[in-house]
Amino acid sequence: MRTRLYLNRWLTFVASCLMQASAGLSYVFPVYAPALKELWGYHETQIATVGSCFNIGGYLAIPSGALYDRLEKHKRFGPRFVALIGSLLLCTGYLGLFAAASGRIDPCFAFVCICAMVGGNSSTWFDTASIVTNVRNFPHDRGTVVGILKAFVGLSASIYSSIYAATFASGGASAVNAATRFLFFICAISPLMTLTLTVFINLVPEAYHEPDPAAPPTPPSQEATTERRSSRNSSAPSFSVQTRFTFAYCLVALVAAYQAGTALWAGTVHPSMHARRALLGGLLGLLALLLAVPLSSGDWVHRKPRPEALERLKRSLLSRLAARGAMAAAKLRRSFTGNGGSGAGISTGTEGALTEPLLGPGDGVSGTNGDKHQNAVAAKANGVAVSCVGGGAADDAAESSTEAKAAAEDGKQGTDATMQPPHLTPAPPVVREGDLEAQLEALEAVPALSDVPLSAAMRSPIFWLLMFQFGVGLGTGLSFLNNLGSIVVALGGQPGGQVVFVSLFSVANATGRLAGGVLSELVLRRYGTPRTLLLVAISFLTLLVVGGAAISELSDLYAVSVLAGLAFGAHWSLIPSITSDMFGLTHFGSNYTALQLGPAAGGYLLATVLTGKLYDRAARSHGDQLFCIGADCYFQTWCVLGGLNLVALLGTRELYAQSAKRYRRIVRGGGV
């Protein structure tokens, strides 16, 4: 058997978290957008279009999802290649923006939009490599994994805003100079960090997962005990899966609280450069604690599958082989009886029955649930008993039992025949190395989930209801976030005063992503509550945010920013989790990235076309040139968005009604 090297899946999880911290750079655009607007002389619609190009590029994720699914068999090369493309796009896009901002290239509007779209598209490659890989590595904790990883995307704006304020915007530097140097930092340093993290990304087959200390122990066989004793260099995990996830999301919550506190303090005290750098050092120290998650999780490099997993797989294959041997004996007897005892066709029947492949492409090992399904298959052919005990999936046990029963009935018919056939001794069952190799490479499966390809998913109303809510909900959030600089000025604030609100939005965004994933997993597992019911609540919260923004003053933006960030972030954890529940994991990459066309369309149509046109109309009515001043500058925008969100709320109610029965089947089938 060939030796395969897989990195510990917890190393992949931590590397993915840190990579996701650079996957939300498009959310940092409002921090330096006013400086670029002044530098290039753009009006509001143009600068809003640049921001929407970041978002459109960030949501055109179908190529990354399709490529990931195409390379799924390459469990190390596939995810790493997808992340590598993201690093290259990140460097290319922001390098072009830096060249335009520094005067090395003429800031043609079309060129700036293309660079923004390329730079924004890098996030989809990071997100696909991180989310899909970790959902496949932890299939029974889908909501928790998505929530934590998406929380780091939400925190990325706050993290990079802190870097901008402490390193580039301090010391009396002009806004234009700070924005130019910040763009160079993103195009040079961020890709190097993501390239380093790419090395640790890999899909880990179930047979190579570390044993969970919290799982009930199973009695080992003599072979497994001998194998464990021979591998003395391997270390057993000290903490359970849930303990590590608890530590991770407590750390995310701590970082979010720290950033919220520092943002509020900085907005009132206006700290010095040294104080901002001290705050940045505290933030980086908290992020470094994430490196403690994979500690004591077993071997960091897996060279061999777990002995108990290997033994269980062998038993499962032997069980099916014994059942097929019994079927072969039954066919021999029927062939002998039908040919009047001549024995014609015996050789052909025996060879065909005992040499065909045991398992199809979809068969695999059932992870921690595999120990619960053990079956005994006893088949007698002409007085020769073939017995084997196997541990595999429930489908294997059912098929083996059915085949053995059919063989027993056929054997009985053959015994009652008038002409007794000669005594036949079938060959002992032998597991093929090719069958064993193929099943050792299988990812952990969740039998309760159906596997629906993208073509079939697009024929389902659930898919389109999800896409509509995704587009309207995130389009509303982007309309608020991308225009925060102009909203602050319109309500009487100073240019540049949006930094504190962007930080609050980012922290709330991360909190919403974390809470949406973890809370939906908790209520689904404990109470059977569908995730779609939580999506209804988030749709209602988005509608409330629009109403609050329409009547808010400058001091009210603190609360509105927090609520808008919560609603915006919860979409990002709930919809991927619902997608995996409704359409399965096999085609999760394609289905999830296809749904992101909704935010791409919503971000452009709502955050750019609608918001920009109505803002420019209000500015002309006021006689303003660069910025519109007045509480009514965005009132018409909020009215239109309120109507759209009301329709989306009705759509999510229908989505909940259509998905409730399916969630009941998932809970009964052990899909959580």
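Each residue, glycine too, has its Cβ placed from N, Cα and C.
Under the heading domain 'Nodulin-like', TrEMBL lists 9-224. Per TrEMBL, the feature domain 'NFD4 C-terminal' maps to 455-658. Per TrEMBL, the feature region 'Disordered' maps to 211-236, 340-371, 399-430. Positions annotated as signal peptide by TrEMBL: 1-23. The feature transmembrane segment is assigned by TrEMBL to 47-69, 81-103, 109-126, 147-170, 182-204, 247-266, 278-296, 462-481, 501-520, 532-551, 557-575.
Between the transmembrane segment (532-551) and the transmembrane segment (147-170), fewer than three CB pairs separated by 6 or more residues in sequence fall under 8 Å, so the two stretches do not touch. Among residues of the same chain six or more beyond the transmembrane segment (247-266), those with a C-beta under 8 A of the stretch's C-beta atoms are 13, 17, 144, 147-148, 151-152, 155, 158-159, 162, 165, 276, 279, 282-283, 286-287, 289-290, 292-293, 500, 503-504, 506-508, 510-511, 514, 518, 558. Remote same-chain partners of the transmembrane segment (557-575), defined as residues 6 or more beyond its termini with a Cβ less than 8 Å from a stretch Cβ, comprise 143, 146-147, 150-151, 153-154, 264, 466, 469-470, 473-474, 477-478, 480-481, 484, 487-488, 491, 501, 504-517, 520, 531, 534-535, 538, 541-542, 544-545, 548-549, 595. Over the domain 'Nodulin-like' (9-224) the predicted model carries a mean pLDDT of 88. If you look at the transmembrane segment (182-204), the same-chain residues 6 or more away from its ends with a CB under 8 A from one of its CBs are 6-9, 11-12, 14-16, 18-19, 22, 25, 32, 72, 75-76, 78-80, 83-84, 86-88, 90-91, 93-95, 97-98, 101-102, 126, 129-130, 133, 136-137, 160, 163-164, 167-168, 302, 443.
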